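If you check TrEMBL, you get these features:
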- 89-94, 141-144, 176-185, D211: FMN binding site (BINDING)
- R301, T538, S599, R600, K605, K606, Y607, V608, T609, D642: NADP(+) binding site (BINDING)
- R457, Y458, Y459, S460, T475, A476, V477, Y481, G491, V492, A493, T494, W680: FAD binding site (BINDING)
- 83-227: domain 'Flavodoxin-like' (DOMAIN)
- 282-524: domain 'FAD-binding FR-type' (DOMAIN)
- 20-39: transmembrane segment (TRANSMEM)
Amino acid sequence: MENSEGVKIESTVVTEEPLISALDIALFVVIITVAYFWYFKRDKQSSSSEKKPYTIQPSSLSSIEQTSNSSFIKKLKSTGRSLVVFYGSQTGTAEEFAGRIAKEGARYKMKGMVADPEECDMADMVEMKEIQKSLAIFCIATYGEGDPTDNAMDFYEWLQNGDADLEGLNYAVFGLGNKTYEHYNEIAIYIDQRLEELGATRVHEIGLGDDDANIEDDFVSWKEKLWESVCSHYGIEETGEESNIRQYKLVDCSEVLPERIFSGEISRLKSYENQRFPFDVKNPYLSKIAVNRELHKSGDRSCMHIEFDIDGSKMRYDTGDHVAVYPKNSSELVDKIGELLNADLDAVFSLLNTDEESSKKHPFPCPCTYRTALTYYLDITSNPRTHIMKELIEYASDPKDQEKLRLMASSTPEGKKEFHEWILRDNRNIVHILEDLPSVKPDLDHLCELLPRLQCRYYSISSSPKVYPKSIHITAVLVNYTTPTNRVNKGVATNLLAQLIPTNDELPQPTIPIYIRRSQFRLPPKSHTPIIMIGPGTGLAPFRGFIQERDYARKEGREIGEMVLYFGCRKKDEDFIYENELQEYVANGTLTKLHLAFSRDQPEKKYVTHLLEQNADELWNIIGEKSGHLYVCGDARSMAKDVHSIIVKVVMEKGQMTNSQALNYVKKMEQQKRYSADVWS
């Protein structure tokens with residue numbers, strides 16, 4: 001057909017005189033093409049020009065504003081400050097410590113500010129040398145398996161990948177960690193060393209706080225020596241007596257419209273009424289409780305199986321992740337504070353930062369009622385730290401109460417002993433202190449400023465998204481215990497969860513705010529890789545999800561590797577949780593072996609660690625000969641450490657290695673994610 005048309009065209013050209021020549025046509029096409037592109041390019045430019053004030057310009061201004069806001073150097077210079085205290089905090093403690101250091105700076109003629117590294121351009125540290133007698137202090141927590149906190153991640157990566165010249169930067173570092181974990185204070189130690197490598201000057205040696213012992217004592221001792229080093233380094237002296245300076249001022253909000261008052265939201269006003277994806281630490285999802293059932297068969301303890309409904313939330317989780325639950329304090333304790341202080345808990349107020357340059361305008365969502373603040377935002381059940389003792393002194397009318405508080409706030413050996421015995425050993429919270437020191441009557445707004453934020457609680461997810469894509473399961477032991485003062489302390493989250501029992505479909509179901517925190521606790525990528533799981537008690541939780549996922553793969557016809565589970569509890573007939581499920585997985589072949597240890601079913605205690613020692617050949621066969629994976633979940637203080645020691649011993653004996661070689665072998669397993677731990681203390 002194409003040839004036929006071609007012949008016809010040639011014939012036409014030969015036999016007839018064309019009105020327009022081929023050259024004319026070519027010229028015409030060129031002219032039209034040029035005109036077309038000229039017109040549309042001009043139109044596009046015109047269109048862009050017209051839109052510029054409304055789209056490009058505001059974006060540019062926004063970027064400038066963000067840069068300005070993120071420049072802590074500009075804030076330091078414009079406000080005459082020389083001290084900046086950065087914090088890397090996951091639970092709020094590091095942020096609290098940073099605030100205390102910045103506040104004390106005034107005693108040494110160093111006006112300070114607290115800064116979140118996530119909100120700062122940390123590359124600006126190169127300009128610190130331009131500020132006379134400047135100092136940067138870092139209060140940095142390590143969490144998980146030697147991970148930086150979420151808000152310090154970018155800063156940590158910047159230090160790792162960058163090579164900025166930090167000569168002229170003066171710094172000090174305090175780390176917050178826990179010795180029961182293998183990677184004790186790893187992030188703080190790295191930052192301290194890396195800053196020195198980049199040319200910065202260490203003003204005071206690093207402080208390492210141990211939350212498994214007494215991190216408050218560690219911090220106070222380090223802080224006192226820090227200021228001695230600061231005075232020596234800069235040739236300055238303390239200004240004199242300490243003074244309690246309020247960071248926030250009270251604002252009466254009785255005239256604020258009800259729709260503008262926070263009622264427990266974490267960040268955005270009315271966020272629970274108008275839910276918006278994505279859901280995270282500042283924007284949790286209000287989940288319905290779909291299931292809440294008891295797992296223990298008998299006894300005086302309780303273990304709950306709870307299922308959170310996430311249908312329609314767009315939330316996704318992976319097996320091994322954690323779910324964060326936002327608790328609230330009991331109304332009984334909240335009412336008690338109001339009664340002890342003779343305060344109107346329903347009065348609406350706000351706390352406004354006296355530092356106008358601070359990015360943190362309020363200590364928690366404001367305005368709200370005192371009842372809301374004490375219920376949703378403030379931690380009233382933990383042991384108060386020494387700085388709170390110090391601030392309460394001025395509110396004590398009885399000299400004996402004053403002296404007791406002053407002693408506990410001091411750093412003397414006698415003061416530390418008294419604080420340890422009266423606060424920590426006897427497990428007193430702020431309610432107990434106000435009860436036992438009746439002359440202490442702090443202003444409620446000041447107390448709200450002093451108390452730390454109530455933090456969410458994390459639970460290992462005990463389900464697989466392959467099997468339960470629309471719900472998240474957790475396994476939680478109800479926390480209730482009697483203190484040395486014969487008071488009953490209750491776990492904030494678990495006691496709340498215990499009350500949230502689903503009813504029939506005709507009534508509104510109980511709800512609680514949650515969000516998903518990603519974890520590195522993961523099944524091997526290949527389903528046929530053999531694994532060993534060690535999880536006594538509620539340490540079984542993530543392994544329930546692991547087993548569900550492998551069972552799902554088996555039912556799909558895929559090959560699955562050996563799955564060996566070590567589980568232990570007190571008594572088989574009392575607290576053997578998920579017994580029927582586990583036995584069913586054994587019966588269908590998903591769970592290859594189930595090793596059980598019931599510690600109190602015989603005269604001599606029997607734990608999973610005893611079973612591990614007895615099964616050295618099986619352990620080595622999987623982790624040594626078959627390059628399988630090993631997982632540990634549960635108590636970090638003793639169980640996880642004991643398991644680690646046993647594994648090293650097995651590698652030595654069965655792998656015919658020296659102790660040093662075995663340690664390196666296990667370390668390599670950890671680096672390859674073949675040895676993973678999800679533990680708590």
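Yeah, the Cβs are placed from backbone N, Cα and C, and that goes for glycine too.
All features noted in TrEMBL, drawn onto the structure.
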residue	record	contacts (Cβ under 8 Å, 6+ apart)
G92	FMN binding site	P452, R453, Q455
G144	FMN binding site	Q520
Y181	FMN binding site	T142, E145, G146, A636, V679, S681
Y184	FMN binding site	T142, G177, N178, L208, D210
R457	FAD binding site	A324, V325, P327, V492, A493
V477	FAD binding site	R301, S302, C303, M304, T494, G537, T538
K605	NADP(+) binding site	S599
T609	NADP(+) binding site	M639, D642, V643, I646
W680	FAD binding site	G634, D635, A636
C-alpha spacing of G491 (FAD binding site) relative to S89 (FMN binding site), in angstrom: 22
For Y607 (NADP(+) binding site), nearby residues of its own chain (Cβ under 8 Å, 6 or more apart in sequence): P536, G568, A597, S599, M639
Same chain, 6+ residues apart, C-beta under 8 Å of the C-beta of T475 (FAD binding site), given in sequence order: L295, C303, M304, H305, I306, Y459, S460, S462, T538, L540, A541, R544, I577
Intrachain C-beta neighbours of A141 (FMN binding site), sequence separation six or more, cut-off 8 angstroms: G88, S89, Q90, T91, T93, A94, T149, G175, L176, G177, I187, A188
Candidates S89, R301: member of the binding-site residues with the richest Cβ shell (10 Å): S89
Residues of the domain 'Flavodoxin-like' (83-227) by DSSP state, where helix covers H, G and I: 65 helix, 35 strand, 45 coil
Per-residue Cβ crowding (10 Å cut-off), top of binding-site residues N178, Y459, G491, S599: Y459
Protein Cβ atoms within 10 Å of A493 (FAD binding site), excluding its own: 22
